[in-house]
Amino acid sequence: MAPAASSAPRLLRAAMLLLLLVAAGRRAAGAPVVNELRCQCLQTLQGIHLKNIQSVKVTTPGPHCDQTEVIATLKTGQEVCLNPAAPMVKKIIDKMLN
């Protein structure tokens, strides 16, 4: 009877661990990505040739970041941050979004 009694706490611990892992997995699935909680652009380019750009996304200031961010997706799939104050970037935004 002693072996069954000692395996009960071990089984209970395993069940609790499994429950915690499942709960943590569900929480992680709905949690925002860390980079959404801060500015995404740490460095910016002053411009890039329009023919290399597939799309442009402009993010206005908000609780996650106090700056306007311009993120261009290149035709290669790479994302680059552009300086929203640069004259060339203003022209790119105007052509891509209007």
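Numbers here mean position along the shown chain, with the first residue as 1.
The backbone N, Cα and C atoms fix where each Cβ goes, and this holds for glycine too.
Swiss-Prot lists 1-29 with the feature signal peptide, giving sequence analysis as the kind of evidence.
According to Swiss-Prot, the feature disulfide bond maps to Cys39-Cys65 (among others), an assignment based on similarity to another entry. Just so you know, the Cβ of Cys39 (disulfide bond) picks up 14 other Cβ atoms within 10 Å once every protein chain is counted.
What Swiss-Prot records for Cys41-Cys81 (among others) is disulfide bond. Around the Cβ of Cys81 (disulfide bond), the same chain contributes Gln40, Cys41, Leu42, Gln43, Thr44, Leu45, Glu69, Val70, Ile71, Ala72, each under 8 angstroms and 6 or more positions distant in sequence. Under the three-state DSSP scheme, Cys81 (disulfide bond) falls in the strand class.
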Neighbourhood of Cys65 (disulfide bond) by C-beta distance under 8 A, where only residues 6 or more apart in the same chain count: Arg38, Cys39, Gln40, Thr59
